[in-house]
Amino acid sequence: MRGRRGYCLCILHVLSFLGLKQNIGLWRDSNYGKGVIIGVLDSGIFPDHPSFSDRGMPPPPAKWKGKCESNFTTKCNNKLIGARIFPKENGSPIDDDGHGTHTTSTAAGGFVKGANVYGNAYGTAVGVAPLAHLAIYKVCDSFGCSDSGILAAMDVAIDDGVDILSLSLSSSTSPFYSDSIALGAYSATQRGILVSCSAGNSGPSESSVANEAPWILTVGASTLDRKIKATVQLGNKKVFEGESAFHSKSFSTKFFPLFVPALNASEFRRSYCGSGTLSDRAVKGKIVLCMMGGDYSRIAKGQAVKDAGGVGMILINRVEDGFTTSADAHVLPAMDVTYEDGMKIIDYMNSTKKPVARITFQGTILGDQNAPVVAAFSSRGPSIASRGILKPDIIGPAVNILAAWPTSMENNTKTKSTFNIISGTSMSCPHLSGVAALLKSAHPTWSPAAIKSAIMTTAYTVNLTNNPILDETLLPASIFAIGAGHVNPSRANDPGLIYDTPFKDYLPYLCGLNYTNREVGNLLQRKMDCSEVKSIPEAQLNYPSFSITLGENPQTYTRTVTNVGEAKSSYIVEIVSPQGVSVTIKPSTLKFSKMNQKKTYQVTFSRTANSSTSGVVQGFLKWTSNRHSVRSPIAVVLEETATLDF
């Protein structure tokens, strides 16, 4: 029996999940991002996609100095106002990969009706900031992304006049003075440009987070309350659920033989279903179990099975993936299951001489009450480059995201309205870039730090059941997984208070990182002598969160907040102290008499008598008025100390 598929005649569900609604709230207040220019550094763009039509778009702002290079001079319009490639000798800004087209449309694609993949996730596709302009800087090709190209593109984008820079790119951690994205983002921030970057896909490993600089908005990954459901039923009648974007009216739901390639070390490539590793005789007419990994993409594994004559594939996650599953647009009937369920399927195969199974596809199912859940692949803190800054900053939608794609996943050559469903922090980054564009449009005088603060202090930390956000193990997520929490665009539009980091404060912060004068000068692009600067500890930076390492001695820091809510207002502090840590705030009340008034408070952290000897603990402080709640997460690494006497 074929499963039901859910349809809705509405904007794509991710925008509803974010609370963005037509003609009200942040979309109305920002006029859908009108007048803002988002620069996207990625693999280029497919300009003929209807997501990049300029219908209803105004001309670019007068400040715009960019251009369309190569064969794009006739492709650009009032939506797509710039397209360049770095280095120039690499040819055209055209997207040969799909990644750049997907991320760009996520941030600011226009309204396109009937978007879907195999009928799944059906709705009207639209980016977060649909009236924002787009400037494309192709820095990646099939060989990767060069540091020199990224830095050159960021410099040009700054001069072109972008307002937001979106980089769904990440690498391994490195000091800021040798990190091309951190270097470029520093210059961009100085010019009033917010830089939004992926946290990386190296989770759930500790300290795997990338793009750690405090002048970057670092974005982790989470799920929606939507599943694109598939099930496998075994010959013993046991049923296991998973996900898949595949759906075909011609696919038979009868039982087929199951086959698992050799799992011994000498033939490890076969267990991963690498290209050319499967025997046609062994695989033909069977559903093949393939292990995740082995440096082969999920789609490539399915292609290998199909090429060998297989009729279907069950993709088994890694242990560390937990309950995170992907709904890919496979080339044959296939689905993704958890490691635990995959092992149960293999156990069944070992229990019978003729194991069989059938796969069915239920399509789009809404209402997962655990959402949002941190995705397994989302990189985690603590930061290596700067432990005094909590990273990631925020999490956002990143799992099974539908957006524009250069080609049809269903081999439909009769339409340009082509989409794909993919996952990664590459997907959460442009969602936040779009939110930043909306806030920039609604509040044109806000600095990058102010926009970032508004996003962080208004984030939520509970799921749809009002319980703490979970990670891939379905246990409460660490502060180093969610940062400030999940983005809440509507609340970010009216944060009450903001932590506005003056750009000049980054210098004493950098000098406090024990960099040499030459290393600091590399960031500032001028000679520097830190002996002439009063350096500050990392945690002293006026950041919307706290990340400290606490030993026997108390530590005191200050924060300054700016009133952007009601002119006359009063805020009272609420503290949830990390276990074993005493947190005191002076003063405990902040009273404002006018807009943009600043107030400073002092925070002291000290160990308590029942403090554990070591470990990570977390809490938060929150300033609350009659209308606003301004929350700052607190992460404390407790140093191992001698026995404390109190």
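Just so you know, glycine gets a Cβ as well, placed from its N, Cα and C.
Record features (TrEMBL):
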ACT_SITE  Asp42  active site, charge relay system
ACT_SITE  His99  active site, charge relay system
ACT_SITE  Ser426  active site, charge relay system
DOMAIN    33-462  domain 'Peptidase S8/S53'
DOMAIN    272-345  domain 'PA'
DOMAIN    540-636  domain 'Subtilisin-like protease fibronectin type-III'
SIGNAL    1-21  signal peptide
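Overlay of TrEMBL annotations on the structure.
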| residue | record | Cβ neighbours (10 Å) |
| --- | --- | --- |
| Asp42 | active site, charge relay system | 27 |
| His99 | active site, charge relay system | 21 |
| Ser426 | active site, charge relay system | 25 |
**OP:** Determine, to the nearest whole angstrom, how far the Cα atom of His99 (active site, charge relay system) is from the Cα atom of Asp42 (active site, charge relay system).
**Re:** 7
Subject >> Rounded Cα separation (Å) that holds between Asp42 (active site, charge relay system) and Ser426 (active site, charge relay system) >> reply: 10
Original post:
By the DSSP assignment reduced to helix, strand and coil, which category contains Ser426 (active site, charge relay system)?
Top reply: helix
**OP:** May I ask you to report the DSSP-based helix, strand or coil state of His99 (active site, charge relay system)?
**Re:** helix
Original post:
For the domain 'Subtilisin-like protease fibronectin type-III' (540-636), DSSP counts of helix, strand and coil?
Top reply: 1 helix, 60 strand, 36 coil
**OP:** Can you check how the pLDDT averages out over the domain 'PA' (272-345)?
**Re:** 93
Subject >> Tally of residues which DSSP labels helix, strand or coil - the domain 'PA' (272-345) >> reply: 24 helix, 14 strand, 36 coil
